[in-house]
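**Student:** My questions will all concern the structure given below.
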Amino acid sequence: MATGILSIDLAAICANWRAMDRVSAATTETAAVVKADAYGLGAGTVARALAGAGARRFFVAVAEEGAQVRQALGDGFEINVLGGHCGGDTGLIRDFGLTPMLNSVEQVTRHFENLPGHAFGIQLDTGMNRLGLEADDWAAIADIVLDARPTLLMSHLACADAPETALNRSQLETFHTLTDGLGIARSLSATGGILLGPEYHFDVTRPGVGLYGGLPFEGALPVVTLSLPVIQHRLVQPGEYVGYSLGFRATQPTRVATLAAGYADGLSRALSGKATLWAGDVPCPLLGRVSMDLITVDVSHLDQVPETLDILGPHQGVDALGGVAGTIGYEILTSLGHRYTRRYHGAA
Ligand SMILES: *Cc1c(COP(=O)(O)O)cnc(C)c1O
């Protein structure tokens, strides 16, 4: 069996969390977003490491993820569900002690009817138009909701990675208008918003991608290395082709290594003919098309064909690879396939 090795540095994740925590005021609680299996890196293991670093509150997208994180962490941690209380979620929310962030009048009604007295927060829309109560819905039900003491009032910024965008300030002002003076804990910012400065921090911040080494947190420590095994190599003669659809044609004798990972492992087909792999410090170009389970790489210039080549590592992080594929580091991380052997190091 030959699968890629995905090395995940838990100490770097914890250091990134501490760095996010340090830039906020002492009164701001730094939570951790571990949705989408902690951005592909393993929600249970990552959440336990972050709990060891001091995180007490975790955000997931859906109740099923919350149940998984609860099983990994045990009691004593707050697990907030960004998607709120959807039809069919009641059992999970109750049994695993999850706190849904309610997003609509319908969700508020469902929560109050199905789980009266059970903790909840409220998500307000301040201009992203994606999730959360609109201002007029909030005005209509705020009194009833506030009587039931939500644990958190939150909203989400649409352009926090672009500090100059006017919408950031407009969302901040709207959030103030909707929540000032209510005496309930508030949260507005993910990684990008934390970097916009203290006026965006409120009581709880929600960093995700910055913990995992991604932009917009420029100072993040890299977290992942992905090494792919060479399972065969051959000399390709001038005029011969490599891979599907004649994707590469050799113009000189070319030593081609075949590596065991492809688009089924999250290496997008958009990387065809464009990506670079690394043999230590030496770049090696990907040749031709990305197949489902395989890629082909030019190793002609190496003294020896190595056993593995890196596609993520010190020379190419998740955002650099995302740039080659025409996407962002977030999508590279969350697309990491399930065939890799995940090796954790750093914190316990
Ligand atoms: C995903 C998400 C986050 C985390 O965002 P990052 O940009 O990864 O830090 C925070 N809050 C909400 C509502 C989200 O959907």
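Cβ coordinates are placed from backbone N, Cα and C, and glycine is handled just like the others.
Marked as active site, proton acceptor by TrEMBL: LYS35, TYR244. Per TrEMBL, substrate binding site is recorded for ARG130, MET292. Per TrEMBL, domain 'Alanine racemase C-terminal' is recorded for 223-345. Look at TrEMBL and you will find LYS35 tagged as N6-(pyridoxal phosphate)lysine.
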**Student:** Cα-Cα separation of LYS35 (active site, proton acceptor) and ARG130 (substrate binding site), in Å?
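**Tutor:** If we compare the Cα positions of LYS35 (active site, proton acceptor) and ARG130 (substrate binding site), the gap is 17 Å.
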**Student:** Pop the Cα-Cα gap between TYR244 (active site, proton acceptor) and MET292 (substrate binding site) into the table, whole Å please.
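**Tutor:** Their Cα atoms are separated by 11 Å.
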**Student:** Are there any residues in the same chain, six or more apart in sequence, whose C-beta is under 8 angstroms from the C-beta of ARG130 (substrate binding site), and if so which?
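**Tutor:** HIS156, ALA158 - these are the non-local Cβ neighbours of ARG130 (substrate binding site), listed in sequence order.
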**Student:** Taking the Cβ of TYR244 (active site, proton acceptor) as the reference point, list residues of the same chain whose Cβ is under 8 angstroms away and which are at least six residues distant in sequence.
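**Tutor:** Correct list: GLY288, ARG289, SER291.
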**Student:** Radius 10 Å, atoms counted are CB only; among the recorded positions LYS35, MET292, which position scores highest?
**Tutor:** LYS35
**Student:** As a quick check of your reading of DSSP, tell me how many residues in the domain 'Alanine racemase C-terminal' (223-345) are helical, how many are strand and how many are coil.
**Tutor:** 24 helix, 49 strand, 50 coil
**Student:** Give the mean pLDDT for the domain 'Alanine racemase C-terminal' (223-345) on the 0 to 100 scale.
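**Tutor:** That region's mean pLDDT is 97.
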